[in-house]
């Protein structure tokens, strides 16, 4: 990289080096200079309707590409992506938040400049709470170094970072003598060796070892190694909710999603009765563990994430997840002969019943035969997610959902990020009516950039996830005519779906219509919820009810 | 107030005591218990589509009623209103942010509960940066006291505050022995006396005194006193942009909006040549001062706000704005005989020219005769605001706009808050196409609650405010068919407006159609901007261009 370049251009070069080809955002006067630089670069700037949409799109992009960028103006833009950044933090998605800001020279004597909240560093302070590293590029001597430091942190910890770029620094040249120093990262070899030896011994002596893979396998790019480990050892593998589609769910060794009492009984039984549970990159969050109904005995566990390594009751320091996984793959683990098989199979030959009112169960039954290797399912929070768990995902990283932080309104804008991240995939967006009302209008961005998701609106007339917990008028929403959003946007294909045959026809037409988005307004009985949601609501309801 | 009540009910009682009758928000599991309490109370809970809409609605409500409430769930809700809270902070709008949160008992051992970002207090820390007071109600012994303290701060400083309510504390009884203590607030009498004497002497000796009134006259409920002061002394009065409609703009003593080089020449000349400028509650922000083109000599100034009192070059401490204004009103200020008169008058008898392409100038010319005493104009950021300055507002507090912090997307949701705050008013929403794409879909909330704003979409195909500064594809947006949002929502009346006669017909029909919203998609030439915007863009453009 040529160091005699401006701070703005160095930042762009760095992002390109990391594989970024798109940045999502909304322009504003404090960031216009940088937006213009982006426009002239190999990174395409994607305008969303609102900054929230850009934040979710960048998050999805990061989950699929390893790094995402949201680029917004000061405060009125930046403070609109605090929630999306928080989600990226909680779910380990490496998003670079780039915020334009008042120039250094404009800050002298602390005037009341527009978009200012309290002090000039208010936004910076807020993002310090929500990111793993942050910087204000107000010193040309160290700007390049700061960019490298902050982006390295995003890549190392898979968490969002914050870069504030005062508008009078964009075109300023940085330190021409700066030389990037790559910090080699590695585990402590002796510690790693001892941990691996212990793990291998436990696995080889176990009667029923099972891998429980989590979302960090995706974040740290370890899915190929994981697959090889499974195929080499022939061990069965389960996934967690947040880690869904870490491997193909059609793989013969796959035994289902483990989520305590919320999940399938077969998977629960198998995992909980294991005498050697190998948890790799697994978050132990409440929803992931079926609202703490999971029963995983540490006595039989090998638990390795980017943050912690434990075997049985003791911990190891200085072990990197990727080194441990690669170490396991290289180790002498004995191959199992016959393995467990998940009795769950994709329902074959779905036959629609003409005139039959569609149910959520039948809808997802049908979607299971609709999706293929080129589908990426993107599930919003609510029953879209819980019913979505029933889908058999054909390939790794083909299911995206904010299953831990659970911010409603993620799916439609996320589909934008996902399709830019991998244009070979067609998004299948699963979204509740409440969630669609938050951010569904980002279909405008879909139209503007010629994307083509198929959007399934689960229209159950309100916040169905909440009704079983505590119901009231606050859970009702206006019943939009969702399929007519095409009228407003002047593009897309809309369908009203009440019956199984209408669903069939709409899906067939959507499959054939690739030039723009399709939206299916699927009318469901408000009481009709997925089995997983029924179990979750009951668990959450008890929690609230007792208080 | 009966102190033997639950913390949730005490909070509701306190809000009722302050005149709050509506709370805006989106439900979520951590706040459902409190939502239910609200539903059972005299405060109506208004669901918006997205939390951002609720935040803006509460802000507008606070500007008109003296206190507003936004009620949301933990993090996925709360972090969506950071930007709207920041705006309320910057523009002094007393909004109470009430956030549900994980129960105290759920926080033990710091589990990975859904919606959690980093630590349980992450959201609290963020809001400490954006509010004037904040609390977590996790101690029943001091909960009532804390509620009183925080709400008192909102009322005193006219800034937002943050109240976090763990869900297991909603129904817990507070301290039954608690007795609220009213802290009497007053100026230091001697200081006030000296300052008033000096001010009165200056005013009485001045050749050309003029009042420049700012937004704090509204926030501190001093509009009636201000009007009396003007009428008693017969002094001319100008307003600032953020203070627009502090008094009726039809008042004979009103001489226009002062905004440096951005404003009308007559007003500028008169204010800047004054030998006694009485600035009351005026923010000296950049846009308010015409991007620092104002030329106000402190040598001739009396400057009093809630934060600072200065006369000429010296400052006074311990003076409350309201005491100073009331003191002026009571003082012996000599009455002026003949006063300046603003040559600007409402253009009379607007005659539409059939087939004539509508321009922004003619549009606002027509709107000037359309609005009346029952209209509240709500202007979004952009040319909606700058052209909106040309409107002659008929009564005090009939123009609302975020003219300092300038967060785009304010107007449609703000109209919801405004109409709940005062159901006798019909909102006239002035909104750019870019702004409408951010939050315009909150018309869904308008439909749900039977409100009836008239929405004027200034459709100039993009971010027109930014084009003169630095143009690029990032300033383009998809050209929605705005008038067909009625198709999506199943309600409202939409109009396409290209010509003056179409405008005329649409306005007439909108006036007659009071049962739901009306939306006018006014097609403007993308180059056609208001004179004020041309002056502003040029000022901002120079600032960017030089960097």
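Cβ from N, Cα, C; glycine included.
Features reported for this protein in TrEMBL:
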- A:433, A:460, A:462: Mg(2+) binding site (BINDING)
- A:7-108: domain 'Thiamine pyrophosphate enzyme N-terminal TPP-binding' (DOMAIN)
- A:196-325: domain 'Thiamine pyrophosphate enzyme central' (DOMAIN)
- A:393-516: domain 'Thiamine pyrophosphate enzyme TPP-binding' (DOMAIN)
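Taken residue by residue with DSSP, residue A:433 (Mg(2+) binding site) is part of a helix. Residue A:460 (Mg(2+) binding site) has a Cβ environment of 24 other Cβ atoms inside 10 Å. Taking the centroid of the Cβ atoms of A:433, A:460, A:462 as the Mg(2+) site, the other same-chain residues with Cβ within 8 Å of it are A:432, A:434, A:458, A:459, A:461, A:463, A:464, A:477, A:524, A:526. Predicted-model confidence for the domain 'Thiamine pyrophosphate enzyme TPP-binding' (A:393-516) is 96, expressed as mean pLDDT.
Counting residues of the domain 'Thiamine pyrophosphate enzyme N-terminal TPP-binding' (A:7-108) by DSSP class, helix then strand then coil, yields 53 helix, 20 strand, 29 coil. Cβ-based crowding with a 10 Å cutoff singles out A:433 as the top-ranked of the binding-site residues A:433, A:462. Remark: secondary structure over the domain 'Thiamine pyrophosphate enzyme TPP-binding' (A:393-516) totals 51 helix, 21 strand, 52 coil, with classes taken from DSSP. For the domain 'Thiamine pyrophosphate enzyme central' (A:196-325), DSSP puts the residue distribution at 44 helix, 28 strand, 58 coil.
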